[in-house]
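Engineer: So Swiss-Prot has the following annotated:
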- THR103: active site (ACT_SITE)
- THR179: active site (ACT_SITE)
- ASP180: active site (ACT_SITE)
- LYS258: active site (ACT_SITE)
- 93-425: domain 'Asparaginase/glutaminase' (DOMAIN)
Amino acid sequence: MQENYKAKAYDILKNLNIEEGDLIEIKKGDLRIRGILLPSYSKDERIFVIKLDNGYNIGISIDNISEIKLITKNSSKAQESERKEVSRNGAKSEIKIISTGGTIVSKVEYETGAVRPALTTEEIVQFLPEINEIAKVDAEVLFSILSENMKPEYWVKIAESVKKAFDEGNTGVVIAHGTDTMAYTASALAFSLRSLQGPVVLVGSQRSSDRPSSDSAINLLSAVTTAKYAPFGEVVVNMHADSSDTYALVHRGVKVRKMHSSRRDAFQSVNDKPLAKVLWKERKLVMLDKSYMSKKGETTLDAKFDNRAFLLYYYPGLDRDFLEHILTNTKIRGLIIAGTGLGHTSSDYVELFRKATKDGIFIGMTTQCLFGRVNMNVYTTGRQLLDAGVTPLEDMLPEVALVKLMWVLAHEQDLEKIRSLMISNLVGEINPRHTLDLFPRWSYE
């Protein structure tokens, strides 16, 4: 397993029967360094990569090394051999792991210190032999992109891969994805894949795998646990539940949002309860919400999107000419507004919206508040917008409404049919009943 090392570094390891995953000690001058030998992705062929006890990875030049000693062999060789056999034959796997990129599948370039989305999911599994205690897995690298570069055409490819995984006999699918646009992809898959045979679990990481505070391992273990044991057939997001490593939460894919830029527990269910929590140490899934979609016999694929849709975040002073240009001088077929409060914009745009809806453009209203639902019957401006043809979208998140509109536009041309689908609760994107416990509160006592 020294194939990641070349030239002199490879020869040294081969002569000492040292393989990746072994615990070794290196003496260099007065310094003794002990750690686990990792694969090297350095362009410098004279670098060993070691994981220290404190969790950090370091690169050590082979120059001036006085001694390299094997301490213990990798104890997971038998499990690794079994994992390779599983990977060679997808039919033997229970859970398919599909990698699309992001921090959870990242590596460090030791020349620059930069983190790049290039480490495959299989290589992560190599350093998480515990996964084999949960389920037999098979890994596929679909593509390796930063999540900000995600596009609707990639959603289609992911959906097709999920469908294929179920057709091959897998009972669950895990999708490794960057966290920034994970909620968009989760929504796209929820509308594209119906009658799911098992869970489709999106998972990511807020901290790269080289950092001691990384959430990669726990999130991936939790995701595989969810894919293995969950009773539902839904698209979900599985991420850290708190700032420690206690447990993970499983969120419905169309009711979740990344609510913090860097915290490990950044993802929260909005206007909904999490479906489950995962006690990752015990490999146990605890259901929190019984109103889930049950597994079906055969997954249906219907993945197509029309991206002639626009998400407008309303703000005071929005230039009317700018908005008019979007509605009249582009190929736009639909507009989702993230409005203020109960679903408002300035009344200055009412006639502009009226003309657009008469021209066949769908306009849907969501709220910037995120929590709560739109109610455009309370105030005068809301009623004026309703009269102009703006459609209230209940408690749908703005991003979910946008993805749903892209999916609907690809299936319907008639405005009334588009409206009918947009206000229909297709995959749990609308929660008809809100309770007090759905809104998070912060206590300063």
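FYI, residue positions are counted from 1 along the chain as it appears here.
Each Cβ is built from the backbone N, Cα and C atoms, and glycine gets one as well.
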Engineer: So if I draw a 10 Å sphere around the Cβ of ASP180 (active site), how many other Cβ atoms end up inside it?
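Structural biologist: Within a 10 Å radius of the Cβ of ASP180 (active site) lie 17 other Cβ atoms.
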Engineer: I need the CA-to-CA distance for LYS258 (active site) versus ASP180 (active site), whole Å please.
Structural biologist: 7
Engineer: Across all chains shown, how many C-beta atoms besides its own are within 10 angstroms of the C-beta of THR179 (active site)?
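Structural biologist: 24, counting other Cβ atoms within 10 Å of THR179 (active site).
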Engineer: For LYS258 (active site), what is the tally of other C-beta atoms lying within 10 angstroms of its C-beta?
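Structural biologist: Cβ-Cβ neighbours of LYS258 (active site) within 10 Å number 19.
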Engineer: Can you give me the average pLDDT across the domain 'Asparaginase/glutaminase' (93-425), rounded to a whole number?
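Structural biologist: Summing pLDDT over the domain 'Asparaginase/glutaminase' (93-425) and dividing by its length gives 91.
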Engineer: What kind of secondary structure is LYS258 (active site) part of, going by DSSP in three states?
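Structural biologist: Looking at the DSSP assignment, LYS258 (active site) belongs to a strand.
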Engineer: Tell me, by DSSP, whether ASP180 (active site) is helix, strand or coil?
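Structural biologist: Once the DSSP labels are grouped into three classes, ASP180 (active site) ends up as coil.
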